[in-house]
Structures are given as structure tokens and as C-alpha cells.
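Scroll down for the structure; my scribbles are underneath it.
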Amino acid sequence: MTVFEGNFTEDISSLRFAIVIGRFNDLVTDKLLSGCQDCLKRHGVDVNPDGTQVDYIWVPGSFEVPMVARQVALSHRYDAVICLGAIIRGQTPHFDYVAAEAAKGIAAAAFQTGVPVVFGILTTDTLQQALERAGIKSNLGWNYGLSALEMASLMRQLRPRNEDKPLELLENNPQQALMEG
């Protein structure tokens, strides 16, 4: 029996990432981005905005993140997409709607494209809780970067041998695509 698991021993320099960041609550999202970049850099990824491994895409807020994440994943130029945002509860139900739709949209982007899309949207009751999760006590941005590295590695291992086949063939008739590989 074969065991598949994401690892960090492969050639990291060949991996490409897109990071989609919500600008709203940027006091928090800037810190999440820093933590994510720190993780990727320590694992050998060139996080320079002028480099070839990471593209940064800023959107107005967490509600817009899933649409852009899906579009980016559909391009199949990236091994993983990392979504960063912060939704902080207010005094209206708005929080519930935005948080639910962001979560559903990010999951749908991954399922519909086959590209790992990491859910890095903080949903907290207070700004203090968000800041604690973005750097005061720990920085979950680091965890989101690590998840992206692991999932990118795992998905590379799970690719069909004939990855040069058109995606439509793999999706519509995976059995035939594997036999032709």
C-alpha cells in the first residue's frame, strides 16, 4: 500500500503560489501576509514580489477573495492559492453572511479547480482576537503558508502520470486518460 503525504524535500523552487489578500482590516491582514511570507521564505520560496514564485493579488475584502481565488486557480499557473483575510464581528448579522460566503466560496474554488486553495480568513469576535492570531500570540499566516506548501507537494504526487493531457480529458474521462498515459 502506498502512503501519500505532502513533504518538503522536493524542489521547492519549481512551486508557484498566488496569495489573495483582503484589504479590509489590513492591520490584521498585513500581519497574516508577513507570517505567510516568513514561512514560505524559510522553506526556500522566493517571496519577492518581482520574483517568479509568488504573485500577490489585493482585493477589497474577504467577500471578494473567493471569486478572485477561483479565477486564479482556474489559470492552472499555480500549485496553490492562499487566501488571507479578516472578518471581525460587529453589531449586525453582516459578519455571519460574509464569513459563510467566504468559507463556501473558497472551498468551492478548490473543489471546482483541483488546485489547493488555503482558507486563511480569520473570523473573530473582536479585533483583539484577530491581532492575537495574526502576531501577538502566534501568527496563523505561517500555518497557512505551510498548508499551501504541503498541499502543493501532495497534489503533485497525486497528479496522473500524463499531466500533459488536456484537463477536460482528465475531468470528463479520467479512466481513459490514465490508460492513455
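Each Cβ is built from the backbone N, Cα and C atoms, and glycine gets one as well.
According to Swiss-Prot, SER62, PHE63, GLU64, ALA86, ILE87, ILE88, PHE119 bind 5-amino-6-(D-ribitylamino)uracil; the candidate from PHE17, PHE24 that the record adds to this site is PHE24. Spatially, by CA atoms, the recorded positions GLN91, THR92, HIS94, ARG133 include one closest to GLU64 (5-amino-6-(D-ribitylamino)uracil binding site), and that is HIS94. Close to SER62 (5-amino-6-(D-ribitylamino)uracil binding site) in the fold, though at least 6 residues off in sequence, lie GLY22, PHE24, GLY85, ALA86, ILE87, VAL98, ALA99, ALA102, ILE121, each with a CB less than 8 Å from its CB. Taking PHE63, HIS94, PHE119 as the recorded positions under consideration, the smallest Cα distance to ARG133 ((2S)-2-hydroxy-3-oxobutyl phosphate binding site) is found for PHE119. Here (2S)-2-hydroxy-3-oxobutyl phosphate is bound by GLN91, THR92, ARG133 per the record. The longest Cα to Cα distance in that group is 23 Å.
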